[in-house]
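Now, the feature entries from TrEMBL:
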| type | residues | note |
| --- | --- | --- |
| BINDING | Gly30, Thr31, Thr32, Ser33, Ser34, Gly35, Lys36, Ser37 | ATP binding site |
| DOMAIN | 1-60 | domain 'Kinesin motor' |
Amino acid sequence: TSQKHFYISCAHPPICKFVEGNDCILFAYGTTSSGKSYTIRGTPNELGVIPRTIHNLFNS
């Protein structure tokens, strides 16, 4: 799955609830080298959850 698809389907809905005043937590869980850091941080060409969230919050 792409970073964009993951963000839209899994991370964006709880972040929208957070903006509405609800509590929200997102965490990455898995074995070593399973892609947790990549999913959360991403790369300059494939932004992860944190950069997409920051962009979304400040550009909404």
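Using the three backbone atoms N, Cα and C, a Cβ is placed for every residue, glycine included.
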Residues within 8 Å of the Gly30, Thr31, Thr32, Ser33, Ser34, Gly35, Lys36, Ser37 Cβ centre (excluding the ATP site residues themselves): Ala28
Arithmetic mean of per-residue pLDDT over the domain 'Kinesin motor' (1-60): 94
Residue, out of the binding-site residues Thr32, Ser37, whose Cβ gathers the largest set of other Cβ atoms within 10 Å: Ser37
Helix-strand-coil residue split for the domain 'Kinesin motor' (1-60), DSSP-based: 33 helix, 2 strand, 25 coil
Densest Cβ neighbourhood among Thr31, Ser33, Ser34 (binding-site residues), 10 Å radius: Ser34
